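This report refers to the structure that appears directly beneath it.
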Amino acid sequence: MTSRALVWFRRDLRPDDHTALCHALTTHEEVFAVFIFDRPLLKSLDPEDRRLSFIWHSLEAVRQQFEAAGGHFHYVLQTGFMHNRVRMLCASCLTKHLLVDWRCGEAHFAKWLLDYDQASNVGGWQWSASTGCDAQPYFRIFNPTTQAQKFDAKGEYVRRYVPSSERSRTPIVDHATQRQRALEFYGRL
């Protein structure tokens, strides 16, 4: 199994003197870098600052994938709540499409959900990732597009929680390709 590390950035994306990044790059096969939005700090920068442009362009791909999941991550950040179907879809996308450890998503939900319940949250993430004691079969993978068509056919949910400037019709992750990748990955376990 591939060893993975998650590294957080807050002020900028310079890797030169980032101790955690250096450690992760030398001890793990895959390293995921995450930029934490410190809104007061970002607002204090000159709008023409190249760092801002770089950050926004780098994160555009992530935003597009969030829209494919129906704006659900925007929803939890704005309201602190999330319908159970949406929780399952987000968990499936993160663990199956992107092959991210379920504990990363669980920690995010633990931080942002106002109705957080440790047993339900951990159990739900393990179920979605097909790792729990009563997990769904590994080949069950939610399709974000199908889910949106079935449960938000008019796109009202997406329009409400995803700003129009962040919407795109070109997904960066192809469900069929990522599904096959997940099946191969889970099939080897």
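Cβ from N, Cα, C; glycine included.
Quick look at what TrEMBL annotates:
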| type | residues | note |
| --- | --- | --- |
| DOMAIN | 3-135 | domain 'Photolyase/cryptochrome alpha/beta' |
| BINDING | Asp115, Tyr116, Asp117 | FAD binding site |
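DSSP assigns Asp115 (FAD binding site) to coil in the three-state reduction, outside any helix or strand. Using the Cβ center of Asp115, Tyr116, Asp117 for FAD, the list of other same-chain residues with Cβ within 8 Å runs, in sequence order, Leu113, Leu114, Gln118, Ser120, Asn121. Predicted-model confidence for the domain 'Photolyase/cryptochrome alpha/beta' (3-135) is 73, expressed as mean pLDDT.
Spatially close to Asp117 (FAD binding site) yet at least six residues away along the chain is no residue at all, judged by Cβ distances under 8 angstroms. Long-range Cβ proximity for Asp115 (FAD binding site), meaning a same-chain Cβ under 8 A and a gap of 6 or more residues, is found for Gly80, Phe81.
All protein chains considered, the CB of Tyr116 (FAD binding site) has 13 other CB atoms within 10 Å.
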